[in-house]
Amino acid sequence: MKDKQTFLMKGSFALLLFVILGYMVKFYPEMLVNFDQSIQTAIRGDLPDYLTILFRALTRLIDIPVIITWVVITAFVFYRKRWKIESFFMLGNLALAGLLIVTFKNIYQRPRPAILHLVEEKGFSFPSGHSLAVTLMVGTLIVILSQRIKNPVWRKIVQIVLGLYLVSVLVSRVYLGVHYPSDVFASLCVGLGVLFIEFPFYDKLRFQWRFKGKQK
């Protein structure tokens, strides 16, 4: 019970940060100018060619159709392995990510940064849809594999690789000029908040299904 409350408190705190950011974006955007500009300057620098090539390539890997494809394939593999709750966890969070992205973007309707965009993106800026989707889906994968991989060395390697991938995606959205840093941070808050709140319920259901023999 104590662990459950800890996860719920962490999730609630992350979502509260998102609400505060959203309120500022909607009603007091000038309060975020210094925060956003300082981080944009630090990340973008002189826009070196090698980083532009790298982050443009990364963008192709996080297009929404690509994310949907790898999540569905991964969920199918999990189901075939009789990791049923894990499969449903992946698909459920994929659907939730789509719902949250559409809902929040239409609520806040923040224009994209008025700076050079290194890739073409349409729609509103807050929160970053790619960042939210990748945070939620990569986070879900980290949760699942952290429980399933028994070798501690391989478990740590997988966690580090997926974590670096997530950080690279978050940085790329600012570097490419299509999002404010506050857009990306807000998406991170939502993704982590959802995962923290979901985890104790997912973990309990996973234990129950394994105990009843419904899955491995």
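Counting starts with 1 at the first residue shown.
Yeah, the Cβs are placed from backbone N, Cα and C, and that goes for glycine too.
Features reported for this protein in TrEMBL:
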- 89-199: domain 'Phosphatidic acid phosphatase type 2/haloperoxidase' (DOMAIN)
- 7-25: transmembrane segment (TRANSMEM)
- 57-79: transmembrane segment (TRANSMEM)
- 88-108: transmembrane segment (TRANSMEM)
- 128-145: transmembrane segment (TRANSMEM)
- 157-178: transmembrane segment (TRANSMEM)
- 184-202: transmembrane segment (TRANSMEM)
Q. Which stretch, 7-25, 88-108, 157-178, 184-202, tops the Cβ pairs under 8 Å count with the transmembrane segment (57-79)?
A. 88-108
Q) Looking only at the domain 'Phosphatidic acid phosphatase type 2/haloperoxidase' (89-199), what is the mean pLDDT? A) 96
Q: Pull the DSSP breakdown for the domain 'Phosphatidic acid phosphatase type 2/haloperoxidase' (89-199) and write it out as helix, strand, coil residue counts.
A: 83 helix, 0 strand, 28 coil
